[in-house]
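Here's what Swiss-Prot has on this protein:
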- GLY14, PRO15, VAL16, GLY17, SER18, GLY19, LYS20, THR21: GTP binding site (BINDING)
Amino acid sequence: MKSRNGPLRVGIGGPVGSGKTALTEKLCKAMRDDYSVAVVTNDIYTTEDAEALVRMQALPSDRIVGVETGGCPHTAIREDATINLQAIAGLNERFPDLDVVFIESGGDNLAATFSPDLADITIYVISVCQGEEIPRKGGPGITRSDLLVINKKDLAPHVGADLEVMDRDATRMRASRPFVFSDMKRGDGINSIVSFLREQGGL
């Protein structure tokens, strides 16, 4: 499956608590039987997300690399992606048949974006718990990501979020770009996301 250009690199961004690690876990488990998969996680001062993915048994531990970005996590995925590119290069050496690498950013704000040198496809994750107004607030993650994931839809009634309003706002803000509602705790929506990656990533 591996292309001449190396593995498909999928950037997963979004605010703290939106469900990035849960999405990464579910994607690994959904795709690992068909593809050679690895993960690079970004945390400011720890490798907590990488350790969590190992505990969740998303992949064998040698396929998960945690990098400590220090300071602002968006710098490591945008202005200077060297630390992430080095981690991917190391995984490529270890697994020459690598098909897909998921790059999970540290929790950041709505302005965070991935450098095109780092990610071929970008997924941006938000949570209904952050408020139904999040899609209309815009920002590059909302408007320009290849796929917007609106997670924790099951909690909408408990936090006063109207999914119809979020659907309407996401449609308006993203024009023709796709988005999906999900409940990563139960894996609801994961099949649509995997199908998107297969189609858009040429897997």
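The backbone N, Cα and C atoms fix where each Cβ goes, and this holds for glycine too.
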Item to check | Spatial neighbours, same chain, of VAL16 (GTP binding site) - Cβ under 8 Å, 6+ residues apart | outcome: GLY107, ASP108
Item to check | Cβ packing number for GLY14 (GTP binding site), 10 Å threshold | outcome: 28
Item to check | For SER18 (GTP binding site), the three-state class that DSSP assigns | outcome: coil
Next on the checklist: Same chain, not part of GLY14, PRO15, VAL16, GLY17, SER18, GLY19, LYS20, THR21: whose C-beta falls within 8 angstroms of the C-beta centre of the GTP site? Give them in sequence order.
Outcome noted: GLY107, VAL125, SER127, ASN151
